[in-house]
Every structure is written in C-alpha cells, then in structure tokens.
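**Student:** So TrEMBL has the following annotated:
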| type | residues | note |
| --- | --- | --- |
| REPEAT | 8-99 | repeat 'Solcar' |
| REPEAT | 108-196 | repeat 'Solcar' |
| REPEAT | 207-293 | repeat 'Solcar' |
| TRANSMEM | 75-95 | transmembrane segment |
| TRANSMEM | 107-129 | transmembrane segment |
Amino acid sequence: MAKQPQPISPMKNFFAGGFGGVCLVFAGHPLDTIKVRIQTQPKPTPGITPLYSGTFDCFKKTLVNEGIRGLYKGMAAPIIGVTPMFAVCFFGFGLGKKLQQKHPEDILTYPQLFAAGMLSGVFTTAIMAPGERIKCLLQIQAASGEVKYAGPMDCAKQLYREAGIRGIYKGTVLTLMRDVPASGMYFMTYEWLKNVLTPEGHSVSELSVPKILFAGGMAGIFNWAVAIPPDVLKSRFQTAPAGKYPNGFRDVLRELIREEGIGSLYKGFTAVMLRAFPANAACFLGFEVAMKFLNWMAPNL
C-alpha cells in the first residue's frame, strides 16, 4: 500500500472538505434536480404517458419550460448545507482515520478506511437530513407548479409550524441508512484508486489532476451504487403528505415494490450516475487543491 503523506489533520480535512463541497454542488446540482423529479413523479394512469419518459426527456422539458435556472432550482439549500456538510464529512473521515492509528505513521487497511468513511456518514446526517427534506420539497414543487414555499427558509418555517422539529427531520433514519454504508464505500474507493494509480516508487501526493478526477469520479459512482435504493425511499418518504406512511420506510418499500416492482428502487439511476462522476471528481479535486494550500499555509494546523 502506498505511503500516506503528512499526519492526518481533521481540522484541515474540515476546511478542505468545505471547499470540495462547493465544487460538488456547482458541478452536480442540475442532475440532482432531474433525479428528484424522476424519483417523485406521479405514477401515470393507464393510457396516459408519464410526465417524464427518462433523464433526457426531463432535462429537455425543464430547460424548455424553465430555462437554465430551472436546473439550479433549490440550489441555495445545498450550498448552505453542503459546504458545512462536506466539511463535517471530511472531518469525520479524518477523525475516523486518526482514531484507528496507534502512531501518526500508521498506514490504514481498506476495512479501516471503510470504517472511517462510515463514521463520516454518521456525522453528516445531522446536517444532511433537514437540508435534503427542504431540497426535495422545493424541487418537486417547481415541477408540480403549485407554489407552497417561497424558498428554503420559508419551507423550514412552515415545516416547523406544522410538525415542530420532527417535521424538519423527517427521513433521518433513511438518510442514515443511505449515508453510513455509502460513505464507507466512497472514501475507501477513493483511497484505493489513488493507491492503484500511483506509480511504483512515487507518493500519492504527486498524483496528476486527471488521475485525481478519475479516482474522485469513480468514488462517486461506487458511493451511489450503494446509496440509490435508500435514496429513492428517502425522496418518497420526505415528500409524502403527513401520515401517509405511518410505519416509516417499511410502508414506502412495500408500496413501491407492490406498485412498481423491485426496479423502482433504482429510479433516477441514469441521472445519478451521470451526475456522480463529474460532481465527485470536482469535489475531490477541490479537496486536494485546498489541502495542498492548507499544508503550505499552515503546516502545523
């Protein structure tokens, strides 16, 4: 296994991760909008064509009806949420790695990197769950044409008025079920690919930009391969009217499989995979660039 450069600093991970998160949102939000619209579109009645026939149809209709701004609907919530969320995510990963090291020079095994990634998933859910709930509601409102919420803050206020803090945190368990294993896969894949792509006798820190982009993009794809089924359930559950699923995700799962079959758990797969590569390539490149800058600026942080 390639040698790890510099002692792990969770604080540097925090700042570099925040910058990576901003890069991810700009690169990936348009396809996220399409993913949510496809996942939550109403089931068509027999003989009626569905609202969107697929990813490209949804993309085309959004562009025609709402222009380029339609693809960036609801982006304020993820920018506000994703920057601290990725900061906390990379901090959790750094902390997970540090906790498993007996000495700063210890090189971690892949199961240890997976465990550190899972810890980062626990860390991010507290920030992620409310942001995801608000984002999904704003994205489907734009598609349905009924304007109930004026924006992210108004949405949060109304949810709080209707059901208190529980209304804002609806879907937290599903967010955990999605993010804990997926984050483990995310970070482990990234570290594994960086090691694989590092030539013999070279340091991982010398990797070229195209190799970092490739490793980051593939990490995103592996992450979402694990995350899509719970993500579909979460989108459904978080956008459902109050009281529709009294037993939580079990009810959503039963309804989906009964009505649309097991394949419905991979709804929005094309949009997710098209987005996962460029968004996560941008994220990890942003992270690595910020990390190099911080190591140069504040080597002892």
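Including glycine, each Cβ sits where the backbone N, Cα and C put it.
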**Student:** Please give the sequence-distant neighbours of the transmembrane segment (107-129): residues at least 6 beyond its ends with Cβ less than 8 Å from one of its Cβ atoms.
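**Tutor:** Distal contacts: 1, 3-4, 81, 84-86, 88-93, 95-97, 99-101, 169-172, 175-176, 179-188, 191-192.
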**Student:** Just to confirm my parser: what is the rounded mean pLDDT across the repeat 'Solcar' (207-293)?
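**Tutor:** Result for the repeat 'Solcar' (207-293): average pLDDT 91.
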**Student:** What are the DSSP helix, strand and coil residue counts for the repeat 'Solcar' (8-99)?
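**Tutor:** Taking the repeat 'Solcar' (8-99) as a whole: 71 helix, 0 strand, 21 coil.
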